[in-house]
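Record features (TrEMBL):
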| type | residues | note |
| --- | --- | --- |
| BINDING | Gly16, Ser17, Gly18, Lys19, Gly20, Thr21, Arg133, Gly178 | ATP binding site |
| REGION | 36-65 | region 'NMP' |
| BINDING | Thr37, Arg42, Asp63, Leu64, Val65, Gly91, Tyr92, Pro93, Arg94, Gln98, Arg139, Arg150 | AMP binding site |
Amino acid sequence: MTHAPSARLLIVGPQGSGKGTQGVLVAEAFGVPQVATGDIFRENVKGGTDLGKQVQAIIEAGDLVPDELTSALVRDRLEQADAARGFVLDGYPRNRGQVDDLDAFLSGRDESLDAVIELVVPEEESIDRLRQRAIDQGRTDDTEEVIANRLAIYERETAPILDVYREHGLVVRVDGVGTLDDVTGRIFAALAERGLQPNGDGAAAGAA
Ligand code: AMP
């Protein structure tokens, strides 16, 4: 093993900003897991687990799962061995309480975030993409009413967490409008400007 640098990253943007796809590409390039709370919740709902039963109605309404439950889930995931060198968190933290929970967890391990990628996409564009996804994937929380609720929660609760991270100088703003490759290229360029580059040992090359 080479001494790959750590990469503890968040990717933040409204639903429909493409952060899921981009988060996977960034995670692959840095050789760290992508941790998407929405995906984990949906898998549990699909699998009919206790957690899934607890959160199903909340997800279908587009509301937020309680912080305690969500933060415990993320802590468990980040304690797994594959996240020792880092992670790309997608969809968490989503409000101020979760920012504090994550901070407490990381500082307890003498760790901190390296950067927060903000994907900037205008609301009309997000809505269009979510409508398309509803057709393509049939997600039960992609109905018009639930989409509106989720975007409202994003504006009210999630967008303000960027101010907190901005104060800490962590936010890398990236224009999320364009082709997938264009946006991926912008993300890697912006990370590289901060000295965050996937190791050039071959294993991580070619993700973009
Ligand atoms: P997403 O795939 O990120 O849009 O998440 C789908 C749904 O999962 C959200 O609408 C919430 O109901 C729930 N969820 C995902 N992440 C979180 C979080 N960090 N806090 C609370 N609820 C969440």
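From the backbone N, Cα and C atoms, a Cβ is placed for every residue, glycine too.
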Review point. Looking only at residues six or more beyond either end of the region 'NMP' (36-65), which have a C-beta under 8 A from one in the stretch?
Key: 20, 23, 73-74, 77, 89-92, 94-95, 140-141, 146-147, 149-150, 153, 157
Review point. Which binding-site residues from the set Ser17, Thr37, Val65, Tyr92, Arg94 come near ligand 1, judged by a Cβ under 6 Å from any of its atoms?
Key: Thr37, Val65, Tyr92, Arg94
Study note, to complete from the structure: For the region 'NMP' (36-65), the averaged pLDDT of the predicted model is 96
Point to revise | Those residues of the chain, 6+ apart, with a Cβ under 8 Å from that of Thr21 (ATP binding site) | key: Leu180
Check your understanding: When you measure from the Cβ of Thr37 (AMP binding site), how many other Cβ atoms are you left with inside 10 Å?
Key -> 20
**Study point:** Cα-Cα distance linking Ser17 (ATP binding site) and Tyr92 (AMP binding site), given in Å to the nearest integer
**Key:** 15
Check your understanding: What count of other C-beta atoms do you get within 10 angstroms of the C-beta of Arg139 (AMP binding site), across all chains shown?
Key -> 16
